[in-house]
Each structure stands twice: as C-alpha cells, then as structure tokens.
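S.K.: Take this structure first; my questions come after.
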Amino acid sequence: MEFSVKSGSPEKQRSACIVVGVFEPRRLSPIAEQLDKISDGYISALLRRGELEGKVGQSLLLHHVPNILSERILLIGCGKERELDERQYKQVIQKTINALNETGSMEAVCFLTELHVKGRNTYWKVRQAVETAKETLYTFDQLKSNKVELRRPLRKMVFNVPTRRELTSGERAIQHGLAIAAGIKAAKDLGNMPPNICNAAYLASQARQLADTYSQNIITRVIGEQQMKELGMNAYLAVGQGSQNESLMSVIEYKGDPNPETRPIVLVGKGLTFDSGGISIKPADSMDEMKYDMCGAATVYGVMRMAAELALPLNIIGVLAGCENMVDGRAYRPGDVLTTMSGQTVEVLNTDAEGRLVLCDTLTYVERYEPDVVIDVATLTGACVIALGHHITGLMANHNPLAHELLSASEQSGDRAWRLPLTDEFQEQLESNFADMANIGGRPGGAITAGCFLSRFTRKYSWAHLDIAGTAWRSGKAKGATGRPVALLSQFLLNRAGQNDVE
C-alpha cells in the first residue's frame, strides 16, 4: 500500500474518495463544513435526518455529492470533539481503512490527520495513521491453501496536512511509520509461525537473511551448542537439552555510527520457540500459545530491521536467544544446580521458569561488547499479566535515566509500559539452601522476582527488562502476535538517533 502527504483544500481533490470526520452529536469537522458549504448544505441535511450521529465506529459513504469533484465522501464518526484522544484517533483510522476496503475505494485522500488530538502534532498523527493502517490490513495466511483476496483493495492513501510547511514532517512520518510497521509485521510473522517450522534454526536463518538484505550495515553470527559449552553457558544449554532442536544464539550486529568509539545499544530477545514447561509441564489448555514464547526475539528482529531500513546512525546489537523447552529423558530437572556463565550457581525449583536461565547467560555474554545500555525483551512471567493485564508492558531497570527514556518512548509511541520496583526485599525471595540463588521466588511479586534474578547478571552495565507476557499476543477469536513492543523500542532508538519529531 502506498502512502503520501499533500496540502490542499478539500473541494479541489479529484479522488475516488475523500475522508472527513463528524463529531458527536452530528457536528461537522472544519473540513466537513467546507465540503458542506460547497455542496449547498447536502451533508448537514443528511445529518439532520439522523443518517449519522458521529459516534466512534460509525461511518457513512456518500456518492456523487453535488459540486464535489471526488466520486465519494466517507464520513467517519469521531466521538465528542473534546474527547478525541490517541486511542480514539487510532480507532477512527482503523474504521476508515476497513470502510474503504469494504467499499472498493482503491485510493483516498484522508483529512483526519487535520483533526485536533490533544498534545499530538502532525508528525504523530500521520505516523500513527500509517502504523494503524498497516496493522488493520495485516493477515497471516502463509499456511492457508485458500487465501481470501479482495477484488478492489485499498492501494493508495494520501494524508492531507494543514500547511505546506508541514509536508516535510509528514513525509518523514510516513518514512518512519512504514519502517516501524514493517518491523512490527516481521515480528508478528515470526510469532505466528508454528513451532514445527519456527525453531532456533529458523530464527537463525531469518537473522542471516537480514544480514544479506542489509549487507552494508549488518553482520550476523550464530553461536551453536558446542561454542556455548566452551563459553560456560550451562544454564542456557540446560533448558534446551530435552529438545531434538539445537539451541542457537543469533547475534545481529548493526553498525550505523562510523565512530569506532561509540558503544553499542544491545537488545536481547528471549527466543523460546516452544515452551512445554519441561518436567514442570504446563496445563494442556492453551499450550499451543507457547509458540509465542519467542516474541521477545521476534521483537528484537523487527527492531533491527527497522533500524537498518532507516539507516539509523547508531551501533546496535540484537541477540536472538533461540531455544526449546521440551520434556525428554535428557531434560533438566527440578533440584538441578546449574553453574551459569557468570560463575554464579542456580538451583532449579521449576523448569517452567526457563526464560530467565536462557537470558542470564545471554546477558553475561553481551558484557564483551562493553555496551552503552542493554535492554532485554521477554515473555517472562504470568505474574506480569496479573499485575498489568494485556495492555501494558512491565518495565524494570537498574538505571533510572534508561527507565525514564523507555517510559518516555512508550508514551510517545502509544506502546505503553509501566515501571515496577527492584528492591532488596524481593531479592531475598530468591535465596537457596544449595546454590547462590533459586530460579523462582514464590508467587508474591513474581514478575519482580524474575527481574531481580536477571539483575544479578547485569551489574556491569545499565540495563532494563521488558516483560511482555501480557502484551506480546492476543488469545481468543483474534488470536495472534501483536508485534509489541517493536514500536516502543523503535521510538527509543529514534530518540537516541536525534530523530524525535513527536510531541
């Protein structure tokens, strides 16, 4: 789908469709008022007859409106004008895309980007419109034999901006929005792929393909079990030893800053391509969704793609920690004591708390890069879902400025996160009689104790942890990966690159 921006008056648009907003109760937006005046009150007369109230989600398609050059006008309900916030704006864009697709409008000029959204500028509105449009049109049908194809799908969307001086900002918003949307799609595609296809080797192949596509900036290295053994990554190896699929750690190195002294930003993604729970096996109900336990790695992959596409002037290292936790005679057991790459020992009390074991060795491994910051992304704990639901990602950090950067990026992108504490009281729950620590700390504060566990392996650098167990995928009828938090981390990197146009 093609996107562009222009600045022009609605009456001069010669398009298949013009999209304008209507507020509740039956109040025309400024652009709709202009069209109404040109059409001699045609639109307002329809509203007086009760054709459209203006509630969010409502729409009305008009054909051959008097004195209007465009074939159609699509009226979109925007709710009450003073209540138009970020969430409603995205709902309005989503409704617009669906309505245009359903009615066969292959192109449209959209004036919704001129609506006032409190605290948001034109760049934000255009970028969010692009990202939302791509999200709305996303389908995962690679494995279906009968694919549903629309006869006249929407192919071109032009966003109108109020003044010509905003065209540059609008064009940059489209560029950023398309790159972020492509990263989100890549993450969703990986997450939705079934575990018999998407194993650690598949993740590694995708990482290598990324290096082939962006060969000027990206180098990918894949570390197998033999090298992990030589490195002493025994916790990582223990998790995967019950699987027939080899554990593989894919390291994607992106160099966009020519200064060799610039320290890299490191992103680490948990890549459990299937998590049965191991000996501490999970309940059968919804176990199929444990293919999503690699959404942290999928996120890192999507973000690395975004950075390469935009050629960000940063040095970034993305690590996909690929592994599979299966039940087998060789599987690790509750009661085992593992010596991690850091030299610290861990008593395994639950084999289903495996993500932190994979991550702890990976977090130790990345010390060699002398990173500026390290951010890990993981579907780590059900406790985070209980704490924050399915709407907000859990954030923990050992460095306040980094935490504030991520929270700011979450607000700017609309990909929300909330900070949880990491205090010594929670550390005490990890005490073990037989090792330096246990791999679980009991039910109370489970998301926090998991973060505390990881913090013991991140003392040599600034670190943040994103627990996406509640936000990485949806269940039920709309089951599928969400691609979160690609948008959050993309915004973080844009801010670091000095390309922050968001208000």
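Every residue gets a Cβ built from N, Cα and C, even glycine.
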S.K.: Asp352, Glu354 bind Mn(2+) 1 in Swiss-Prot, but which of Asp275, Asp285, Asp424, Asp436 does that record place at the same site?
M.R.: Asp275
S.K.: Let me know which member of Asp288, Asp293, Asp372 Swiss-Prot also records as binding Mn(2+) 2 at the site of Lys270, Asp275, Glu354.
M.R.: Asp293
S.K.: Let's check the environment of Lys270 (Mn(2+) 2 binding site): how many other CB atoms sit within 10 Å of its CB?
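M.R.: Around Lys270 (Mn(2+) 2 binding site), other Cβ atoms within 10 Å: 31.
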S.K.: For the binding-site residues Asp275, Asp352, Glu354, work out the Cβ neighbour count at 10 Å and name the residue with the minimum.
M.R.: Asp352
S.K.: Of the recorded positions Lys270, Lys282, Asp293, which sits closest to Asp352 (Mn(2+) 1 binding site) by Cα distance?
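M.R.: Answer for the nearest of the recorded positions: Lys282.
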S.K.: Residues with Cβ closer than 8 Å to the Cβ of Lys282 (active site), same chain and 6+ apart in sequence?
M.R.: Asp275, Ser276, Met290, Asp352
S.K.: Taking the Cβ of Arg356 (active site) as reference, which residues of that chain separated by at least 6 in sequence fall under 8 Å from it?
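M.R.: Same-chain residues close to Arg356 (active site) (Cβ under 8 Å, separated by 6 or more) are Leu380, Asn439, Ala450, Phe453, Leu454.
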S.K.: Give the helix, strand or coil assignment DSSP yields for Glu354 (Mn(2+) 2 binding site).
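M.R.: In three-state terms, Glu354 (Mn(2+) 2 binding site) counts as coil.
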